[in-house]
């Protein structure tokens with residue numbers, strides 16, 4: 001029990017750090033995808049209800065930031081810009097797609113399984129799942 005609490009404390013610090021990176025970044029880089037790794041798949045399966053709520057809150061915050069990045073990128077792409085800027089914007093879109101793919105890989109199948117298990121409120125799962133589409 002004490003070891004589990006200690007591990008959750010460390011994981012919680014990691015989750016908070018990853019969320020802060022997303023919230024304070026001006027744009028997405030390849031390193032953002034690396035922050036959302038296989039550890040999340042393992043973490044989600046081991047979460048209790050209160051821990052799972054914290055992870056889902058993290059997921060919703062990251063998804064909100066990704067939507068913001070996408071909106072910003074879309075607006076910039078619509079402007080008439082030179083080739084170098086356009087190339088940079090397309091690279092940002094590729095990074096965004098990689099991050100979304102990592103979220104999909106590590107979170108969505110778990111969210112589907114939780115819908116059946118009903119461990120957390122359906123509304124919170126629906127909010128998180130809707131953010132991934």
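Positions of Cβ are set from backbone N, Cα and C atoms, glycine also.
Keep in mind it's a predicted model, so treat the numbers as computed, not measured.
Sequence annotations record features per position, and here TrEMBL assigns domain 'Protein MMS22-like N-terminal' to 2-116.
As a summary of secondary structure, the domain 'Protein MMS22-like N-terminal' (2-116) carries 102 helix, 0 strand, 13 coil according to DSSP. Summed and averaged per residue, pLDDT over the domain 'Protein MMS22-like N-terminal' (2-116) gives 82.
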